[in-house]
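Student: Structure provided below as structure tokens; questions to follow.
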Amino acid sequence: MNEMLSGIINNAFFVFFPIFLYYLFYHQGRDRFFNNDKFILTILFSISVTLCMFFPYQFLMTEDYLFDLRQVPLIIGTLYGGYIVGAVLFVVSAVVRLIIGGGDGVVIALLNQFAIFAVVPLFRRAYFKLVHRKRIAVITMISAGSLAFNAFAGALLFNDPLLEVLDMWFILLLNQSLFIILTTIVIERIMKNNYIEQNMQKHEKLEVISHLSASISHEIRNPLQVIKGFIQLLHTKEYDREKQKEFYQYMNEEIESAERIISDYLMFAKPTFDDQETISVEREIEKAVSIIQPYANLSSVSIQYTGLASDHLIDCDHQRFKQVIINIARNSIEAMEGGGKLTFKVKGDKDHVLVIIADTGKGMTGEEVIRLGEPYYSNKATGTGLGMMVVYSILKNIHGTIEVNSMPDKGTEFLIRFPKSMQQPK
Ligand code: ADP
Ligand code: MG
């Protein structure tokens, strides 16, 4: 009894371990079991089939038959993986069966294993159209059919006494059904979770976009409204030159405020986040520096940038990358009213590219650093409080991180870490 139980438990473990390993290491971002990881899953399933076959178990009522759960990984692997995976699993199981050897069993086993390889893939198309519950029903029937095949093949080809050991076949049926159902449920659950996870990410991105577009149109409408008001005033009544000048002054301020909002967001408010490209951090920083150089000159800030000797690659839309650099650099320049030094550095390690932007400006208290990135958080008379929010949103989308070290009256240092691109430099 004990022996039988431990045999079954061993087999159950052999059946489950590929799924657990897969779940631990490979599940993220995968949409269909076996679709993305055919190679590794085929190896895991081959090991599973082999172990099942080398450590079979025996039922109490008969000494003549040995069983194992090989059909579970064989059927699941062939069904989810298709003909190529099925072929590998067939070859592995055939070789193992020949190594184990012994009597009539070999022929039946080989026939059965071949039948699984030949027939099961025919179900694939229909199978993947089914809802999860029906899939479990179908796979249970395939498993039962496969056992019936063995029973009848034994009876027909070798006159095995089918009726006398009907109870054993029945228990075997329950046994194998239980494990194939459990395994399928786990696989289907993993796939469903992946699906939900992916959709949530998409949903989150859309939410950021809709939130941003709503607030940008709101923010720009205000100045436009004010400008419109002044134009109407000028239109309906004759004002003296002084009054007119005053109005134009107001209108100009409103236009500038709209411009600031647009430039804080501008490149960010593009409709998708998916147009990723591989860019050189050094080249893009160079471009960003040339854009902010005039602004720095205006505040007598000198820019130091060395790093053009190398090329570190990351995957990010080049506009958004520049937006990150420009929004941070602008804040730095604005923090150095009486002039100062703005430094850019680029470093790379195994997995990341690190961009360091440091200023000698007025710095921030710990509290202020924490509030960075909050929408509309600004300490400036004409600030939008959008610059850092946009920086944080962009970085979140490309899995970048930012660390801020700041000392009041000393300066601020931004450490921005980007995941390194998989592309190799040309
Ligand atoms: P804005 O620049 O429109 O005020 P931001 O989101 O770009 O909005 O910045 C928010 C606030 O964070 C700024 O108003 C400023 O007080 C603070 N800040 C950002 N960067 C720096 C910096 N380099 N040095 C000092 N303060 C900074
Ligand atoms: Mg700013």
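Yeah, the Cβs are placed from backbone N, Cα and C, and that goes for glycine too.
Remember, it's a predicted structure, so these values are computed and weren't measured experimentally.
From TrEMBL, here are the annotated features:
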TRANSMEM  7-27  transmembrane segment
TRANSMEM  39-60  transmembrane segment
TRANSMEM  72-100  transmembrane segment
TRANSMEM  106-124  transmembrane segment
TRANSMEM  136-157  transmembrane segment
TRANSMEM  169-187  transmembrane segment
DOMAIN    215-422  domain 'Histidine kinase'
Student: How about long-range neighbours of the transmembrane segment (136-157): same chain, 6 or more residues beyond its ends, C-beta under 8 Å?
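Tutor: Answer is 71-72, 75-76, 79, 104, 107-109, 111-112, 115-116, 120, 123, 126-127, 130, 169, 172-173, 176-177, 180-181, 184-185, 188.
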Student: Could you tell me what the rest of the chain brings near the transmembrane segment (106-124), counting residues at least six beyond its ends with Cβ under 8 Å?
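Tutor: Residues 71, 74-75, 78-79, 82-83, 86-87, 89-90, 93-94, 97-98, 138, 142, 146, 149-150, 153-154, 157-158.
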Student: Mind looking up the mean pLDDT for the domain 'Histidine kinase' (215-422) in the predicted model?
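Tutor: A mean pLDDT of 88 is what the model gives the domain 'Histidine kinase' (215-422).
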